[in-house]
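These notes concern the structure reproduced below.
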Amino acid sequence: MKYKKLKGTVDILPEESAKWQAIEEQARYILHNYQFSEIRSPLFEQFDLYARGVGETSDIVSKEMYDFTDKGNRHLALRPEGTAGIVRAFVENKLYAPEYHKPMKLYYMGAMFRYERPQSGRQRQFNQLGVEVFGSKNPAVDVETMALAMDIFKSFNIKDLKLVINSLGDSASRVKYREALISYLEPHFEELSKDSKERLYKNPLRVLDSKNEKDKAIVKDAPSILDFLDDESKNHFETVKYMLEMLSIPYEIDKNMVRGLDYYNDTIFEIMTTHKKFGSNATICAGGRYDSLVEEVGGPSTPAFGFGVGLERLILLLDLMGYTYSNKLALDAYVVTIGEQVNAAATKLTQYLRQNHLSVEREFMNRKPGKQFKTADKWNARYVFTMGEEELVQNKVMIKNLKNGLQQDISLNDLYNDFEKTFSELEIKLESKDE
Ligand code: ATP
Ligand code: MG
């Protein structure tokens with residue numbers, strides 16, 4: 001083979017895409033219940049938007065960006081995450097204007113691109129479902145949005161889930177905490193990983209997020225941000241916890257949890273699966289509050305809350321659980337053709353049935369009738385419509401209910417003159433003698 005797909009990308013083949021459709025449909029249904037509307041933003045943006053929005057020292061910007069210069073010499077990047085682009089769209093389209101209801105609740109689904117080492121649950125092109133809520137600092141927004149994420153997972157009967165929360169406080173608390181963290185980490189400087197050494201003064205909170213085992217052991221006893229929160233942040237976090245308890249949503253607090261993106265403040269959260277067979281990349285949803293990003297990107301100060309769900313990881317989990325997806329591609333009828341001479345009549349019949357809202361496939365390969373019936377069986381067709389030379393001459397079609405084997409021929413004139421009446425009478429005939 002001359003051409004191969006690129007490392008870290010996948011072809012989603014028909015069997016797999018049916019799963020994607022089922023997930024997307026169900027998620028949209030729940031998002032609708034929560035009154036979220038879809039926003040679609042470009043797959044690429046100015047590189048600087050991400051550098052600014054996501055943070056220069058984040059892994060995403062410093063290591064994982066697919067950036068390039070286009071023919072007009074612009075420095076661009078494929079989107080590594082959804083929030084920065086949505087915030088840019090929010091600001092550029094002045095969605096903060098008073099005529100828009102607040103909070104504004106938006107969601108998106110689509111491909112993200114990160115230059116990462118591919119492994120299970122980690123690709124270079126992957127898909128996220130994300131939501132962003134703009135314009136409210138109410139802790140009820142944090143709670144409702146986390147509840148939404150949990151509801152999406154619950155709707156698939158996922159039980160092995162853990163909601164982990166933390167608070168990052170406001171920027172003044174983080175400045176104080178930053179100093180305390182640096183003082184704690186400095187004596188361990190030589191033991192830290194190369195990345196963490198580099199981050200210690202640039203962005204020490206990111207050291208807490210390190211995946212290096214030695215780093216992890218060191219940060220285990222680091223001071224907690226929760227001890228540095230001011231009263232407002234403390235109250236906010238207390239209210240979030242209270243409301244989660246009121247809704248009987250279990251949670252854990254991880255006082256060392258920070259997020260891979262730099263723009264968060266106050267509530268942050270992750271939802272991980274605790275399924276035994278799930279590998280190391282167990283976080284399927286992550287997000288939090290980001291009250292300063294809109295201003296950072298050039299808009300008026302606007303509080304916000306959002307999350308991203310890794311859809312590949314969700315599908316991996318559903319596969320491990322043996323989840324059965326509803327069969328949306330159910331087939332109402334298979335048109336069996338016997339002999340080339342019925343080709344045109346079969347085309348007419350097939351199109352006619354489709355125009356009357358049946359899902360229909362026909363034989364194109366002129367195989368032996370037995371083979372055609374096997375296909376109809378395999379695809380779980382409700383009915384087989386058979387057209388052979390005899391039917392053609394008599395202007396009829398033979399219809400068989402595959403479940404009970406009952407069959408009946410009907411006049412094509414009747415069918416074409418009054419589909420509703422002819423077909424409903426036929427359905428009754430083919431069911432009634434049942435059992
Ligand atoms: P990780 O620590 O696993 O690298 P992250 O902090 O980089 O995750 P976010 O940027 O918060 O992840 O993205 C939200 C979610 O998107 C993750 O929890 C995960 O489910 C999914 N995700 C992130 N990167 C990838 C990837 N390369 N391939 C597949 N899914 C991903
Ligand atoms: Mg990552």
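Yeah, the Cβs are placed from backbone N, Cα and C, and that goes for glycine too.
In TrEMBL, annotation is done automatically, which means it is predicted and not curated.
Because the structure is a prediction, the values reported are computed rather than measured.
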Problem set entry | Per TrEMBL, Glu81, Gly82, Thr83, Gln128, Glu132, Arg259, Tyr263, Tyr264 bind L-histidine; matching candidate in Arg114, Arg117, Arg178 | Arg114
Exercise. When a 10 Å sphere is centred on the Cβ of Tyr264 (L-histidine binding site), how many other Cβ atoms does it contain?
Worked result: 27
Exercise. Just checking, which of Thr83, Gln128 (binding-site residues) has the fewest C-beta atoms within 10 Å of its C-beta?
Worked result: Gln128
Problem set entry | DSSP three-state assignment (helix, strand or coil) for Gln128 (L-histidine binding site) | strand
